[in-house]
Amino acid sequence: MNTTTYMSDCAESLFNISSDGLWESLKSPDVVFGYSLPLLEIQMLLIFIFISYVPQTHRHFPDCFLHDRPQLFDVLGKSSGKLSMDPAFDGNATLRSISVFGTIMFTFLMTVRTSRRGAFSSGKLPVVIGTLSFFAPLFGLTFKNLFSDSIDSHYMTPETALGERIVIVITQSSILLPSTTYILLELKILNSEIGRLAMSACVINDILGIIAIVITSVQATYTNISHMTAYRDAIAVVIFVLIVFLVFKPIVQWIINQTPEGKPVKKKYVHAMTLAALGSSYYSMLFNFKYVLGPLVIGLIIPEGPPLGSALEAKYEKLTMNVFLPITIIVSVMRCDGIRIFSEFNHIVYNVFLTVLTLILKLIACLAPCLYFKLPLNQSLAVSIILSYKSFSDFVLYESVLDDKYISQATYAFLIIYSLINAGIVPVVIRSLYDPKRKYLNYQKRNILNLEPSSDLRILTCLHKPENISHTIAFLQLLSSPNLDLPIVVTVLHLVKLVGQINPIMISNNKKSKGIHNNSYIHTANLAFRQFMLESLKSVTVTTFTAFSYEKMMHEDICTLALDQTSSIIIVPSGRTWTIDGMFESDDDAIRSLNLSLLDRAPCSIGILIDRGHFSRKRNVTSQKNYTINVCVIFIGGKDDREALSVVKRMKHNPRVHVTVIRLLFNQEDFKTTEDIKNVDYTERVVTSSIEVASIVRLLDGEHDLMVVGRDQGMASPDLSGLTEWVQLPELGVIGDLLAAKELSSKVSVLVVQQQKQA
């Protein structure tokens, strides 16, 4: 047993730190609560159990926090005087200290991961929304003196009550970045048009909020402490900002420049950044500012993403989000005494009115500019409601003003409950107003089958890894031809997993963008596609983009770009890779999941390329005058097979491509396709069962370099039902799955085509 003695002027106190566990006294097992360390561990354990329970009920009962009042099964009541070395302190000081540390780290990491550039490069609308949404709700301050004569001086002095009203308006005017990010991620619309708009507007609002925090802190010091102290604090914050931007920022840039591309930042620099954030927090408190101000400013000058931003995220993000942040949230909620809302409702009823008024003003401030810039009404409403969302991040703000005694316990409880109800209602409303799939419902035919002969073939192709470059170019060369009357317009999209930052960004590589051209992989890819365009003798034009996005939301970027570029088909790599001799190597589940999402909502046709690298290597090692690529399309029936046939029809104009069409007939039915199949080898084969289909398909793979198949044969293939239950890769369909099977030792590449799903 460890015991610490605390000596004071009047008495000597003993503090037990660790115990022998429950076995110390079987008759009285609660003796464990007499020791500080076990008590802290029990509190943390209960917090994590509670956090695990909340997600199951929060969607249906947004006020579920209210059922567990501050005592946490009376553990907090028993903790008084046991978790602190100073008897004068609250017994929960250790837990509160962990909570504060969690807030500091969360604020620091969130600021580092937020793209500041995106806020000012998205046009005028987010700037207008961010500015109006900050200033317009402050109009509610004109009502702060209303009914001031009815303030009960026995409950709260009139000066304190008026100050509380000011705090209500200011806190409800704020739009916190973590809250906005959380709701957009939950609804999976962070990459959408309104998601990007809301994020950019939120950053603008937060910047204004930081300035307001500094001004109000200095004003409060000027009024409540002394004029000289206020001047000192103002000078201190100016010096701090100058040091951060003139000294610390160049150091950060030097660290980034010293780190080789693709290599991690040295650990000592990562630790130095964290210590700087913690030290800046102490500096802020030393001069009467909120302890989050310093970490927030430090985070602003650290560039998001690799190498430094991603290193900080990898080091501290999971610890902060999974350990410290839950403690921070629960400690805030444990201070909420819901009973006081009812017992003291007459005293806080005007605060409830101001909360509703500020909400209405904020909604109008966000809605008006959206409508002025001709955003559809449902999207305008969605943006306005998203920016009015409240979540756990707001708890920290409420707790801060409670600690400073700007608001009462009853008002604090109301704000917590209001935020919980808000968090439960807003997602439901947003889902009813905005469906991201809706904009992809295209009533125009965007496929190759219905493409006019003289029209450009517009292709969007996606790259995940360096090896995708040669495979994609080799495939695009099959579609190109010396005939300038058959041009193809290629849009290349580099998909990069978002690391070390929050905001998804899409950048045109044809424009100068700092950081993008320093990426050797993207630079190499751009050069390769440029060379491909030059070799195509003006029959091909290429435009390249880079999207930094979450893996689960990349389909939004792809579909949006396909819509903007009026693409007829999207070409994406499959998640399955092979060795050079055609043996199975690995599966990428993230890419496979992305492809399934694309198949569900793509605004045009889509092709999944399973490339074993044979025909791309054949192009490189064989004399350019002699090599021929053998392409075979298997036709059974259905719109996907017809789209596959249309793709191959474009390839036949390339003199180096030899096309073969294999028609599989069930029960001797007629071949009723209207496709032009001149200048190709055409063969019909009669099949009677799914087993026979599988045998024929696998025999064909050794005769060709590329097989093109439809994903779904529809009603034309009743006898394929026996193969469906054995499909391992549903995104490839029955025939595609046969040709991409792990056990199939082959060198043939496969393109699986799905025609546009017509709205």
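Positions of Cβ are set from backbone N, Cα and C atoms, glycine also.
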For the transmembrane segment entry in TrEMBL, name the matching range from 93-113, 723-743.
93-113
Among 323-342, 483-502, find the range that TrEMBL records as transmembrane segment.
323-342
Should anything in the same chain at least six residues away from the transmembrane segment (93-113) have a Cβ under 8 Å from its Cβ atoms, list it; otherwise answer none.
36, 40, 43-44, 83-84, 86, 177-178, 181, 274, 277-278, 281, 291-292, 295-296, 298-300, 302, 304, 309, 312-313, 316-317, 320-321, 323-325, 327-328, 331-332, 396, 500-502
The answer for the transmembrane segment (348-373), taking Cβ pairs under 8 Å and residues 6+ beyond its ends, is 124-125, 128-129, 132-133, 135-137, 139-140, 143-144, 146-147, 164-165, 168-169, 172-173, 175, 201, 341, 379-381, 383-385, 387-388, 408, 410-411, 414-415, 418
What does the DSSP secondary structure composition of the domain 'Cation/H(+) antiporter C-terminal' (680-756) look like, as residue counts for helix, strand and coil?
34 helix, 18 strand, 25 coil
Who are the chain neighbours of the transmembrane segment (234-256) in space, where the CB to CB distance is under 8 Å and they lie at least 6 residues beyond its ends?
214, 218, 265, 269, 273, 276, 280, 283, 286-287, 289, 293-294, 297-298, 301-303, 307-308
